[in-house]
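Here's the structure, in structure tokens; my notes come after.
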Amino acid sequence: MIIQPKTRGFICTTAHPEGCAKQIEQQIEYVKAQKKIEGPANVLVIGASTGYGLASRISAAFGAGANTIGVFFDKAAEGQRTASAGWYNSAAFEQQAAELGLKSHSIVGDAFSDAIKEKTIALIKAEYGTVDLVIYSVASPRRTHPVTGETFSSVIKPVGTAYSNKTLNFHTGEVSMTTIEPATEEEVRQTIAVMGGEDWRMWIDQLQAADVLADGATTVAYSYIGPEITHPIYRDGTIGQAKHDLEQTAIQMNNLLASKGGRAFVSVNKALVTQSSSAIPVVPLYISALYEVMKEKGLHENCIEQMYRLFSEHLYGEGKATADGSCLIRIDDWEMREDVQTEVMKRWDELTTDNAGELADLEGYRQDFFNLFGFRTDGVDYEADIDPNVDIPNMY
Ligand code: NAD
């Protein structure tokens, strides 16, 4: 079939297998061109098929030569429906890893469930012995609790009072005001249950109980802080409450793992276009302005540059981080630089529909958005008839 993008708001319901494979190749090429990362050996990435989790898996495999297990929730193609981007990404990842002789497996299913945790543990026992790095990069709108069976939904809302600010329709370039009403206490509770630290902790507890977590193992989850203009909708909003819970979980787990030389961190990453971040009001306009400023200053990074920097400068090698009291690693340091933020805020005040194309990088935002689904990628013939059915090698 001929596969074209079909968008509905911030969702694209199609994905292009060749485009996704090309995107993976580019990320791999970037990592291979950098200095080798010293460690880890066996890595489990939960939420491994897109965005930061995928870039973490690529950095571990192609930057450090690690064996990797990727857990993710993606769908295969069916009839006239293409597979999801994460499916095609993972198929390409597995192929490239095999070509380099790296051991890797993919597990498709709900990471929140006991069944997938048990399956992962069985795979580690059978093939890897132990894992020495566990990356937790799940971003989901829903979670069913494995013990109570309750299904929680996360919302992106302010807490306490309503929040109004500029927002962007990145398809049309229209900048308008939006007002988001505050979350109820119940919505806060449910968002923490989905995006907070409980599931991360369950993974580490179960890996430890099964004796498949190596002594001295490291675990990392991801968070975002961002500038004050987005604090009401992010840092101080429902998602920020969940991230606070995640950060508290890191502190508890770090204390727990420290007795065996292990470490737990939350890495605070840069704002980037991913399937999750495009769903947040206000943030896409901020990201567009940020891209423009960071590109002008030669500071722009994508997920892969961020993750390579996390691995090579913070987690491994000389001067590797030890978890301080906060357990936070800041690789949002370039985004939060004073000169960057001053310039972004100056533009923010001036941004309207008429000048958004000049003051912000709308084209860069769109490009990244379509790239997420394998579209607008150089060297891909989008008019060609292509089979959407692609197998993921090494699926467990
Ligand atoms: P993403 O949507 O690109 O990736 C989410 C991953 O989670 C995918 O691999 C998906 O398959 C997987 N997933 C979702 N539900 C699952 C389930 N039930 N079981 C198994 N896998 C599941 O998201 P992202 O933006 O890369 O976000 C990853 C983390 O990084 C999140 O914690 C997010 O808050 C954080 N972060 C993102 C940004 C940003 O700007 N995008 C910035 C800082 C931190």
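Quick reminder: no glycine exception, Cβ is built from N, Cα and C everywhere.
Automatic prediction, not curation, is the source of TrEMBL annotations.
Owing to the predicted nature of the structure, the values given are computational and were not obtained by experimental measurement.
These features come from TrEMBL:
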| type | residues | note |
| --- | --- | --- |
| ACT_SITE | Tyr234 | active site, proton donor |
| BINDING | Gly47, Ala48, Ser49, Thr50, Gly51, Tyr52, Asp110, Ala111, Val138, Ala139, Lys243, Leu272, Val273, Thr274 | NAD(+) binding site |
| BINDING | Tyr224 | substrate binding site |
| DOMAIN | 2-78 | domain 'Trans-2-enoyl-CoA reductase-like NAD(P)H binding' |
| DOMAIN | 81-316 | domain 'Trans-2-enoyl-CoA reductase catalytic' |
| DOMAIN | 324-386 | domain 'Enoyl reductase FAD binding' |
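Shown here: features listed in TrEMBL, placed on the structure.
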residue	record	Cβ within 10 Å
Gly47	NAD(+) binding site	26
Ser49	NAD(+) binding site	27
Gly51	NAD(+) binding site	24
Asp110	NAD(+) binding site	17
Val138	NAD(+) binding site	24
Tyr224	substrate binding site	20
Tyr234	active site, proton donor	25
Lys243	NAD(+) binding site	25
Val273	NAD(+) binding site	26
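Listed recorded positions: Asp110, Tyr234, Lys243, Val273. Those with a CB atom under 6 Å from ligand 1: Asp110.
Rounded to the nearest whole angstrom, the C-alpha distance between Ser49 (NAD(+) binding site) and Tyr224 (substrate binding site) is 19. Distance from the CA of Tyr224 (substrate binding site) to the CA of Gly51 (NAD(+) binding site) is 14 Å. Taking only the Cα positions, the spacing between Tyr224 (substrate binding site) and Lys243 (NAD(+) binding site) is 8 angstrom. Across the range of the domain 'Trans-2-enoyl-CoA reductase-like NAD(P)H binding' (2-78), the DSSP-based residue counts are 30 helix, 16 strand, 31 coil.
For the domain 'Enoyl reductase FAD binding' (324-386), DSSP puts the residue distribution at 28 helix, 3 strand, 32 coil. Taken together, the residues of the domain 'Trans-2-enoyl-CoA reductase catalytic' (81-316) have an average pLDDT of 96.
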